[in-house]
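S.K.: Before anything else, here's the structure in question.
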């Protein structure tokens, strides 16, 4: 099926061609893990891809026949500017005159050209031109910088196929849909590409997506098996193919389409798509076909402006300006009435004004007309009431304040060379008015640098290192003592450690210490076969990528999360080294119980059931060298335990007890299980799973989850893991200072309640003597009711249980006699769902108002955003959301002020934020120093402006009383 160097593409190459190909590169089997079976009936494919060609799936890309596209696709020129030469003045002027004050001064300037104006035209037009001009110049300069950046990107060059197997350098902006491009190592992709082949024989490549999601770990991409052998420039001479796929959309991690070569049809997924602005790493070159160009690319589809946020002071300022407008109209109306009376009654007797020769402005015969003209004059005359320069002055001051934040060395994190950044200057003063902080835990309060510290295998706990949190009282105040490690060893354990050689240099991700397991000493344990299986699962059940250092031969790992990296490193250090990954297999160098030496074993990778926040687990289906098929699974303990079979619960009680202890110590835990599959069972399930994988509808993920549920049952528990995520430096002190400032703090985490509570004590969120209120539905009564299976009855029971717990908590707070008592609320995600419902939200609102700290456990990203909105709407006060990962984006954008931590989980939180800092402890200075100063300075400046302008306005009104309301100006123009 290879497609190397033929005049006409055909399905089956000749035997001679097979020999040529075999000498050039070894063909790899395309596993169901990453592609779809080549032997499936075409009819099933057509049924599965029925969505293609319909609305949302109508894009047709011709590879090698770009000129024959029926639709004119956009060029690859990308512009992120807000304006161009034609639209700058109209759009910029529209932006300026959206402000009612500027509209008023525009009308005043227009009236200054008429005889009824009390001022000369220049005195009104020049200030308006200056103020609007300054704002427009600021917009133009910012947009010019964006234009220069766009120009630099558009003029980059990439190798593009020009025919006859020749690739020539072409500017990015000239790349077209359907072009075949060659991208070399450490270069960016110019558009969204379909990966055709790479320098690796199995068609894989490594990609860095930092510019897309901020993640620094490498992603593995794989080409279609029908094009993976096109490894030379000449092979693309006569390549013609057709792609039918989804229309442009902003979904970075999904793609639906199919590749058609002659009479072959191959489904395409996100693992075969290379996105614009990601970079090729650890791969010499790749060939790709352009699918989306320019503004159709996914990165540009995601380039939407963040939600517009306006500060409370700015909203209040608008209200004051409206009030001043009301005052302006009032005194103008009063002056006009007074002028009408003067004109009718007394003007005829003022001989020195020559009333017989007066014009319509002061004609005693038409006092009403005189009053109307005076009204217009007065509206211009009393314009001093409206501060024309206030907006510009505030913008200048806020920009200066943002510079102070950016250049503050006390918020500079030297370790990662990361300063604080004010990504917008509109919300500086909001920092000084924050009432409630809603924060993520992992990576925000903690370092998100996971270390494997403990494990439970076959009901036995291993790992002697741990930590505990202590508090001491100094001068009547609680003070945090840094967490200390306690290494508790018996004499026999110490002897065993020396015997097994557990000493050595600290290894990143591995802080495990137990002589019973280190250096293959586990073979002497009671259940060596179970321990062997546990380590094997850790070394196989993951998506990590091994990277071998050519000089030293040492292997490091690129993993999707710090947890996963810690597990693979732990397996390696305990004797099960994951050393190689191909499209369809993994190689593990493991200790063999039978021979007593280390052997390299290859496991065929049949299927991968990916981790998601909804599934809370991941599984792999593998076949070993004896053709045994296993499902290995790891995930949240609550999810794993409910999927155990009758014969898989041997170690359940002991493992639960260990997990409880690990959680009490603040560790993050996962359960590990497996299942041996019969060939017939696997084949039956695999056919259904294959249908779900090649299904091209929008509900594909739902179907995959449903099919996955069918095999992830009747599992056998093996054990559990515990990894430590250390607190960031200075977090306890920072939270203590914020609490002293009267700021309420919520921690929103997906961790177990025990883990979150322990971290709460460690970081001073929970303190000795604080009254704890716990609302949870994780109890025996709930489990008994849920076992009934009646959803309507279950929901009613859970809602009533939540109502009773909230009522009891409110009663506890109301009956507290100690007026100085401080309360902390601890609530789980399931209870939170009911607490936020319309029936209970008012009661819940009254409860949270009385609590100074709140910890929400087992919450999803969507719940984080819902809680933030609830707190913001319920209290009416300023909320601040702070997090470091993509799961925190909703919370950050929903809060009045969003702060992103530049951490391990990438830059998505930072890119969605209003301010970014490198460490949580910098929040203290950002709020209590910069926030306080910004708020005070802006408030004083605004008060001064209004004070000054009101004085000017009413001085003129007072002068008018003595000038018969004739519309004369008191000040020189």
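Just so you know, glycine gets a Cβ as well, placed from its N, Cα and C.
Automatic prediction, not curation, is the source of TrEMBL annotations.
So TrEMBL says this about it:
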type	residues	note
ACT_SITE	440	active site, 4-aspartylphosphate intermediate
BINDING	440, 441, 442, 564, 611, 634, 668, 749, 750, 751, 858, 864, 887, 888	ATP binding site
DOMAIN	69-123	domain 'P-type ATPase N-terminal'
DOMAIN	911-973	domain 'P-type ATPase C-terminal'
TRANSMEM	100-118	transmembrane segment
TRANSMEM	319-342	transmembrane segment
TRANSMEM	368-394	transmembrane segment
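Structural setting of the listed features?
M.R.: Take the CB of residue 440 (active site, 4-aspartylphosphate intermediate) and look out to 10 A: across all protein chains shown you find 30 other CB atoms.
Within 10 Å of the C-beta of residue 887 (ATP binding site) we count 22 further C-beta atoms, all protein chains included.
Looking only at the domain 'P-type ATPase N-terminal' (69-123), the predicted model's pLDDT averages out at 84.
Within the chain, the transmembrane segment (100-118) has long-range Cβ neighbours (under 8 A, six or more residues past its boundaries) at 124-125, 127-128, 131-132, 321-322, 325, 361, 373, 376-377, 379-381, 383, 386-388, 390-391, 967-969.
Nonlocal intrachain contacts for the transmembrane segment (368-394), taken as residues 6+ away from its ends with a CB within less than 8 angstroms of a stretch CB, comprise 99, 101-102, 104-105, 108, 111-112, 116-119, 124, 127-128, 131, 134-135, 314, 317, 321, 324-325, 327-329, 331-333, 335-337, 339-340, 343, 360-362, 938, 941-942, 945-946, 948-950, 952-953, 956-957, 960, 965, 967, 969.
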S.K.: Give residue numbers and ranges for long-range contacts of the transmembrane segment (319-342): same chain, 6 or more residues beyond its ends, CB-CB under 8 A.
M.R.: 100-101, 104, 367-368, 370-372, 374-375, 378-379, 381-383, 385-386, 946, 949-950, 953, 957, 960, 964-967
S.K.: In the domain 'P-type ATPase N-terminal' (69-123), how many residues does DSSP assign to helix, to strand and to coil?
M.R.: 24 helix, 0 strand, 31 coil
S.K.: Specify the count of other C-beta atoms within 10 Å of the C-beta of residue 858 (ATP binding site).
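M.R.: So the Cβ neighbour count for residue 858 (ATP binding site) comes to 22.
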S.K.: Measure the Cβ-based neighbour count of residue 668 (ATP binding site), defined as the other Cβ atoms within 10 Å of its Cβ.
M.R.: 23
S.K.: Round to a whole number and give the Cα-to-Cα distance in Å for the pair residue 440 (active site, 4-aspartylphosphate intermediate) and residue 750 (ATP binding site).
M.R.: 9
S.K.: For a quick check of packing: other C-beta atoms within 10 Å of the C-beta of residue 750 (ATP binding site), how many?
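M.R.: Here the count is 23.
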